[in-house]
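Taken verbatim from TrEMBL:
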TRANSMEM  9-30  transmembrane segment
DOMAIN    13-216  domain 'Cytochrome b561'
TRANSMEM  50-69  transmembrane segment
TRANSMEM  81-102  transmembrane segment
TRANSMEM  114-141  transmembrane segment
TRANSMEM  153-175  transmembrane segment
TRANSMEM  195-216  transmembrane segment
Amino acid sequence: MSVVINARIVAFAVHALAVVASVMLFVWSICYRGGFAWESTNKTLIFNLHPVLTLTGLVILGGEAIISYKSLPFEKRVNKLIHLVFHAIAIILGILGIYAAFKHHNEKHIPNLYTIHSWVGIGVIVLYALQWLYSFIIYFFPGGSSTLRRDLLPWHIFFGVFVYVLAVGNSVLGFLEKLTFLEKSGLDKFGSEAFLVNFMAIITILFGTFVLLIVYSKSPPSVEEDNYSYSAI
């Protein structure tokens, strides 16, 4: 089942939401949380890298990679390469973001992996990497047969959507967790920072929703080889 929409027009909403989310994230991290650092006596600056890297990578770049087949006007081979590279960068940023969280916890002597957000986060990065590796082998190099690619494509799409929904949901869960910790430390529940974090979560949900809308939109006419065309993932 597909939705009859112009994916390239809807993609502009995705790009716009990506810009809005990124600006809000940097404003929060720099203006409210003090900035970033890999090494610092202020360990909060280390943690601040976590939401920036994970949201930018797994959600924003991941979403842009997912919609590339339907939103970009290039030939299939070019879109495939963009899809592959964007996902690879997303994984790298995600790993660095998770490393920043572990580094922050270790240097402040805080236990690791004690919340559902951290558990799901580890699951997301592992599944994301496995999805990329298997897809690289089947669809890029050395590449499976036309029949194998066609047969595995529905599972490729399902698994990709599943992991992406987990990433979006876990990002929202991360905003909730961080805001809860801040409010327990005295942050005004109705202050500007609390509203900013809540709105970032809403923008993240909207971004993911529009990405999924494009995933399930009707593909443009295709005359690709192998008599089939890739979906959005």
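Cβ from N, Cα, C; glycine included.
Automatic, uncurated: that is what TrEMBL annotation is.
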Contact call for the transmembrane segment (9-30) against the transmembrane segment (81-102), three or more Cβ pairs under 8 Å: no
Mean of pLDDT values spanning the domain 'Cytochrome b561' (13-216): 96
Touch test for the transmembrane segment (195-216) and the transmembrane segment (81-102), at least 3 Cβ pairs under 8 Å: no
Cβ-Cβ under 8 Å with the transmembrane segment (114-141): same-chain residues at least 6 beyond its ends: 54, 58, 62, 80, 84, 87-88, 90-91, 94-95, 98, 101, 148-149, 152, 156, 159-160, 162-163, 166-167, 169-170, 173-174, 177, 230
